[in-house]
């Protein structure tokens with residue numbers, strides 16, 4: 001039985017065992033595969049997460065720079081621990097960042113972006129299943145965010161590893177992703 005808490009613990013352990021150069025190589029493969037299969041257009045807004053280095057997350061900075069090169073607007077979240085909500089802000093190459101309580105780079109003095117203006121959302125995850133359900137860190141920030149996006153907005157996870165067959169304790173508020181990009185393949189749901 002694959003329960004979220006067990007998957008979270010296992011996949012965090014597995015990720016911590018990856019060498020930094022392996023994370024970088026996987027991050028580049030994910031970026032290349034994303035751009036090969038998804039084509040954000042100039043003027044669109046793509047929401048992405050920025051990597052928490054101490055958690056050895058996928059490095060999304062190369063992806064951000066390629067989006068900017070293609071004249072795509074980039075939005076990133078600022079997390080609010082009290083109510084586990086997020087607000088979203090446009091970033092540019094000139095944006096200043098500060099680390100949050102969790103080590104997340106967050107923009108300072110950036111322009112807010114409403115969820116309705118996000119054309120595509122890139123979502124962090126630890127594990128996912130063949131139905132597009134994800135396991136995150138367990139606080140529900142992204143579950144709340146995904147529920148606020150228009151239904152037509154593509155929700156794409158970025159993962160270092162392939163899926164598990166099924167996550168057994170999916171809840172009603174757990175929205176499935178539309179796709180997940182791994183270093184080797186894209187899974188569509």
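Just so it is clear, glycine is given a Cβ too, placed from its N, Cα and C backbone atoms.
Feature list (source: TrEMBL):
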type: BINDING; residues: 4, 5, 6, 7, 8, 134, 135, 136, 137, 138, 139, 140, 141, 142; note: ATP binding site
type: BINDING; residues: 50, 57; note: substrate binding site
Binding residues 4, 5, 6, 7, 8, 134, 135, 136, 137, 138, 139, 140, 141, 142 (ATP) - maximum C-alpha distance in whole Å: 19
Densest Cβ neighbourhood among 50, 135 (binding-site residues), 10 Å radius: 135
Collapsed DSSP category at residue 50 (substrate binding site): coil
Cα proximity to residue 57 (substrate binding site), best match among binding-site residues 4, 137, 141: 137
Cβ neighbours of residue 137 (ATP binding site) where a neighbour is any other Cβ within 10 Å: 15
Distance, residue 50 (substrate binding site) to residue 6 (ATP binding site) (CA atoms, angstrom): 25
For the binding-site residues 6, 57, the one whose C-beta sees the most other C-beta atoms within 10 angstroms: 57
Residue 50 (substrate binding site) and residue 141 (ATP binding site), distance between Cα atoms, whole Å: 14
Among 4, 8, 139, the most crowded of the binding-site residues [Cβ within 10 Å]: 4
Secondary structure of residue 135 (ATP binding site) (DSSP, helix/strand/coil): strand
